[in-house]
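Database features, via TrEMBL:
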type	residues	note
TRANSMEM	6-30	transmembrane segment
TRANSMEM	42-59	transmembrane segment
TRANSMEM	65-87	transmembrane segment
TRANSMEM	99-120	transmembrane segment
TRANSMEM	126-147	transmembrane segment
TRANSMEM	159-179	transmembrane segment
TRANSMEM	185-208	transmembrane segment
Amino acid sequence: MEDLSFIVGVIGNVISVLVFLSPVGTFWRIVKNGSTEDFESLPYVCTLLSSSLWTYYGITKPGAYLVATVNGFGILAEAVYVVLYLIYAPRKMRVKTGILVGILNVGFLAAAILVTHLALEGDTRIDAIGFMCAGLNIIMYGSPLAAMKTVVTSKSVEYMPFFLSFFLFLNGGIWAFYALLEHDIFLGVPNGIGFLLGTAQLILYAIFRKARPSNDTISQGLLEQGFQK
């Protein structure tokens, strides 16, 4: 069983690295154009916080080194994205992003580590970190839900890339399976939800991939998502 868990965990690491690298195209566009345009920094700031907390969880929980390694890579990737955003964003967005980084990635993270490390110990500490990690991941699933709403209202999958949905499905499924093998509810619940959302997105993709949206519904979709065509 341990060998199977290790193999599944390694596969999960590979898939998660691909997920962490998925915004490379977006940031290549930002660097090339010298502007962040209408892209938001919040997803990258939140993912940086999530990766940091999961790394702390993986370091704290015995035998969870595979969780720590992949999220350690996530910290590096997301930190690069945030720095690039700060370099190329307009002054107003740069200030907003800097405040978010200060509150979430410095203040909240430091407080979470200090409180759990100094006030808690043993399984209680692991459970507290796990609750924070799972809770943040579940909150972050608001983004896939918004994408699904846009697909239904615009009758177009243009704003829900297939590979992003596919990797949400694959990543959630493999880590939910790993959590089942390791009896880890904190990994299992958010990744199980991710697997279900990924499945739902793939079903929507199959339904609407050949649909031709009207200009009005596309415009509405763009406004709801805050994307720039």
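The backbone N, Cα and C atoms fix where each Cβ goes, glycine too.
The transmembrane segment (6-30) shares the most Cβ pairs under 8 Å with 159-179, out of the stretches 42-59, 159-179, 185-208. Listed stretches 42-59, 65-87, 126-147, 185-208 were compared with the transmembrane segment (99-120); the greatest number of C-beta pairs under 8 angstroms is found for 42-59. Long-range Cβ contacts of the transmembrane segment (126-147) within its own chain (Cβ-Cβ under 8 Å, at least 6 residues beyond either end) map to 43, 46-47, 49-50, 53-54, 56-57, 60-61, 112, 116, 120, 159-160, 165, 168, 184-187, 189-191, 193-194, 197-198, 201, 224-225. Sequence-distant contacts of the transmembrane segment (42-59), counting only residues of its own chain at least 6 positions beyond either end whose CB sits under 8 Å from a CB of the stretch, comprise 20, 23, 65-69, 71-72, 74-75, 78-79, 81-82, 85, 97, 100-101, 104-105, 108-109, 112-113, 126, 129-130, 132-133, 136-137, 140, 143, 186.
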